[in-house]
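*Asks:* Below is one structure. I have some questions about it.
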Amino acid sequence: TKLDDSKMAGAEGDDSLYPIAVLIDELRNEDVQLRLNSIKKLSTIALALGVERTRTELLPFLTDTIYDEDEVLLALAEQLGSFTVLVGGPEFVHNLLPPLESLATVEETVVRDKAVESLRKISQEHSPVDLEVHFVPLVKRLASGDWFTSRTSACGLFSVCYPRVSSTVKAEIRQHFRTLCSDDTPMVRRAAASKLGEFAKVLELDYVKSDIIPLFTALASDEQDSVRLLAVEAGVSIATLLPQEDLEALVMPTLRQAAEDKSWRVRYMVADKFSELQKAVGPEITKTDLVPAFQNLLKDCEAEVRAAAANKVKVFCENLPEDSRETIIMTHILPCVKELVSDTNQHVKSALASVIMGLSTILGKDNTVEHLLPLFLVQLKDECPEVRLNIISNLDCVNEVIGIRQLSQSLLPAIVELAEDAKWRVRLAIIEYMPLLAGQLGVEFFDEKLNSLCMAWLIDHVFAIREAATCNLMKLVEKFGAEWAQNTIVPKVLGMANDSNYLHRMTTLFCINALSGVCGQEITTKHMLPVVLKMSTDQVANVRFNVARCLQKIGPVLDSSALQAEVKPVLEKLATDQDMDVKYFALEAISVLALA
């Protein structure tokens, strides 16, 4: 190439050739990482060369000579997407098309996708004339390429050029797209199906009806289920474009068929897109068509489909027409939901548990008490922890509807049971929910029913539980105040300082760390500090160094006289401890608290 000749002429003598010479060397290096780095420096090299030489030398070189590892090609495809300024701006942007065209035909999908992404990006920078002269021919070449790779890439480019070209060219683009939708290769039909909705959005309404609908119908009954499921997604987009009166005749027959497709993956896609579909088709078709379809999806023989549909229960019910919402839910949806509560598959139950509580706000107090509470109870006792957690995390919306008395009578025993569950992750989940629960239940109720649980967690045999229980106490004090803490929490926490198990003694220190800030100076100095100081002589080194850390943490809360008179001597003593860690943390506390 021209570049090689210029390099041969002796790059050292001519500074302007230097970047290119280095690039050529680096791109021939055996080390992939070096080649990758040089591609990532392309913009710097282009800047050094200037726009003219970037167009006439760098781009041809990149187009002709790069056959490399996929990651190098990927980096190149990405770089070229932001190269417009470096070739001289929009009027020269078409110079970037040749290297991107060859990248859009390579075997590796991620490289092709990135090249298409860059082409889509720079298509916006072409003037309408350049788009027709340079960009559209590229799209046509890709669309009629021998290899399926180039034809799949073409599918992603139609929608970006269609709105800005003349009507003659538009007709050609539509023809090319039609051809690709019936391509012999499933991969190409799949790519076309995945872009069908996007392409429909830029077409005139008449062409949506005359061109897109027949393509949609054909792709939705393709022999490959991977094509059919992508057609479903496109169907939802198409439904949003059509006037209401055309939906029933043009889109619904195909979507009804998809909801009963023999492949579960297609039915899954229908379930997954159900709320978007519901919004697109409006209330009447929802009542006549979507309600029965939704019932069938909730009863589907495949767990994945049931789970996807269960996930949509709340949104589907919320978006039902208001005048008939309650009747439809009670008659058609609730019976299916009742079956799903005891589904054999835990993903289905878990999906339902994450949304079912939301039905209480839609159905109101009486229906919640009569129909939903029994279901919540079943789910709270489910053997799958995720199901129980999902119910507990959403209790507040039920509380709003039925009030605390009803809630505590029905659900509290189940919560207490979970708080003592053998699986520590279940206990952890309950702890994390406790401050919210406490806020909802109020202080009297909390003290009576749940306080003892919160204290029991502090001596749990799993560290994560003890840690979470400490944090939980702090949040409870924030909610209920320092006086409550002094009367109910602090005495019990300090009592653990005399426990024979050193881990429990350490929990006292962790609790003091967490509580000092929320309890304030008086309680910390009067009640907590003496206990910490006493523990400085503990036989276990782990406890002693945690005393030093604790004193460092509570120091800022204490008044300066207590710091000097009581804390300083203890830290100085710990600074001469035989244990390295105790010594280290004591010295750190002394310097942080500026007691030296």
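Here the Cβ of each residue, glycine as well, is placed from N, Cα and C on the backbone.
According to TrEMBL, the protein has these features:
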| type | residues | note |
| --- | --- | --- |
| REPEAT | 19-57 | repeat 'HEAT' |
| DOMAIN | 92-277 | domain 'Phosphatase 2A Regulatory Subunit A helical' |
| REPEAT | 96-134 | repeat 'HEAT' |
| REPEAT | 173-211 | repeat 'HEAT' |
| REPEAT | 212-250 | repeat 'HEAT' |
| REPEAT | 251-289 | repeat 'HEAT' |
| REPEAT | 290-327 | repeat 'HEAT' |
| REPEAT | 333-371 | repeat 'HEAT' |
| REPEAT | 372-410 | repeat 'HEAT' |
| REPEAT | 411-449 | repeat 'HEAT' |
| REPEAT | 528-566 | repeat 'HEAT' |
| REPEAT | 567-596 | repeat 'HEAT' |
*Asks:* For the repeat 'HEAT' (96-134), what are the same-chain contacts with Cβ under 8 Å, counting residues 6+ beyond its ends?
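*Replies:* Answer is 59-60, 62-63, 66, 70, 73-74, 76-78, 80-84, 87, 90, 141-142, 145, 147, 149-150, 152-153, 156-157, 160-161, 164-166, 169.
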*Asks:* What residues in the same chain, six or more past the boundaries of the repeat 'HEAT' (333-371), come closer than 8 Å to it by Cβ-Cβ distance?
*Replies:* 291, 294-295, 298-299, 303-304, 306-308, 310-318, 325-326, 378-379, 382, 384, 386-388, 390-391, 394-395, 397-398, 400-402, 406
*Asks:* Looking only at the repeat 'HEAT' (567-596), what are its DSSP counts of helix, strand and coil residues?
*Replies:* 21 helix, 0 strand, 9 coil
*Asks:* What else in the chain is close to the repeat 'HEAT' (567-596), if you only count residues 6 or more beyond its ends and a Cβ gap under 8 Å?
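*Replies:* Same-chain contacts beyond the flanks: 529, 533, 536, 541, 544-545, 547-549, 551-552, 555, 558.
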*Asks:* What counts of helix, strand and coil residues does DSSP assign across the repeat 'HEAT' (290-327)?
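*Replies:* Once the DSSP states are binned, the repeat 'HEAT' (290-327) shows 30 helix, 0 strand, 8 coil.
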